[in-house]
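Asks: Have a look at the structure that comes next, please.
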Amino acid sequence: MVKLYNTLTKKKEPFTPIDKDHIKMYVCGPTVYDTAHIGNARSIVVYDVLFRLLKFCYGKVTYVRNITDIDDKIINAANEKNSNIESISKYYTKTFHEDMESINCAEPTYEPKATENIDNIIKLIESLLQAGHAYESNKHVYFSVESYPEYGVLSGKKIDELNYGSRVEVGENKKHPGDFVLWKPANETDYKLSSHWNSPWGEGRPGWHIECSAMSYAYLGKDFDIHGGGIDLQFPHHENEIAQSKSAFAESTFAKYWVHNGFLTVNEEKMSKSLFNIVKVRDLLDSGIKGEVIRYALLKTHYRKPLDWTENVISESQETLNKFYRLLRSTCIEESDTEVSKDFIEALKNDLNIPEAVAILHEMATEINKTSNEYEKLKLTKKFVKSARFIGILESSYQEWFASGVSHQEIERLIDLRKVAKQNKDYDTADKIREQLKQMGVTISDNEDGTTTWYGKLSPIVYR
């Protein structure tokens, strides 16, 4: 049985789907004004693994992850680049897709864009107005938090205790400081950048919170199983989604389970432009770090715990994956005829405990190394690979992994072993290592002075 920590009830619960034959999940996706940073990527990777697990356990899963392609940040980026919102959002949506593909994230079932759902947004706002949960004020439309008695059910915040002006937008047109905008009138910049649409309240654009309520309803209906996102979205975004959606549909439970991944810091500091410490996925990839290493680094800490990003996180992840890939050096793996480790799946079922699942991979690796029977070794290795690939790692072959130019250490480690073998006159082992290097795409040449030169996809390097 799958168990998930439900932020709504503040406890880990057995996952009981609304319809066991069709699981529905909505996750807040990116605001496409810049390339994705590792905080964005952590959320995408976490829910990618949850998506895989739910499909494995239940079969049919509809996974909706939105794109916010109209927002103040996008408008500011368009202004700064002397561009327009369509060009900015299209470009950064494309880079987002490329970066997420590089870290082995599957596409969601649907990926709706806010700008393609303006009609749905307007209809939902009209429903809230008709039900008395929203009001017009100076060409704005606001949601009235006082009209929804359960406001604060997710975050535990009470209306009269909110810190207005921090995460809550303050406005002169509101009846209550906690009221949030559903529709805002177009300003000069909106007209300049074409970031406005016609509505019953005049030309304007939607507020952020109403977009997700409208898109989740359009693609999943008024009730669905799981709503996911980063813990930073719990308030006010997710709190406001609940208020909107349950006010629009009186009998609705909206999302049954609320799942939140933890914060990500860099060297124990919050990522911010002012600290110049924003780590972009694309920059990591361009520096030669493999997408699989980035993915593993984002998964090795439990999804609900804070993750501190340091140089050690990357180096340790690279080292672990190198260790895992070495198990494949003499084996051509076709894992279609084997099953994922049951213990591995049970770990994932326990509130997506990926660190526990990874610990099981390490145990399997130890067992593979200890096994002398070749048939048993092959059988164990197949199960090991099948399990690892379940969370999106070990997707390459041994040769591909170590011939990519990142793994100097592995090449030099093998050359060291070959040198020792030759010194011990163990020429069979030396020849096997030469062949192993050849399979990795590395050619070696022994020099008269005792050094070895190796050639791969990179420039030749003299190893001493």
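Glycine is treated like the rest: Cβ placed from N, Cα and C.
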Asks: Among 235-239, 270-274, 395-399, 435-439, where does Swiss-Prot put the label motif ''KMSKS' region'?
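Replies: So the range that Swiss-Prot calls motif ''KMSKS' region' is 270-274.
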Asks: Given the ranges 30-40, 85-95, 96-106, 415-425, which one is assigned the annotation motif ''HIGH' region' in Swiss-Prot?
Replies: 30-40
Asks: For GLU241 (Zn(2+) binding site), what residues in its own chain, 6 or more apart in sequence, show a Cβ-Cβ distance under 8 Å?
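Replies: Listed in sequence order: HIS209, CYS212, SER213, SER216, HIS227, PHE254.
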Asks: Which residue counts does DSSP yield for the motif ''HIGH' region' (30-40) in the helix, strand and coil classes, in that order?
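Replies: Secondary-structure breakdown of the motif ''HIGH' region' (30-40): 3 helix, 2 strand, 6 coil.
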Asks: Applying a 10 Å Cβ distance cut-off over all chains shown, what neighbour count does CYS212 (Zn(2+) binding site) have?
Replies: 29
Asks: List every residue in the same chain as HIS237 (Zn(2+) binding site), at least 6 positions away in sequence, whose Cβ is under 8 Å from its Cβ.
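Replies: When sequence neighbours closer than 6 are ignored, HIS237 (Zn(2+) binding site) has CYS28, TRP208, HIS209, CYS212, GLY229 within Cβ distance under 8 Å.
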Asks: Pull the DSSP breakdown for the motif ''KMSKS' region' (270-274) and write it out as helix, strand, coil residue counts.
Replies: 2 helix, 1 strand, 2 coil
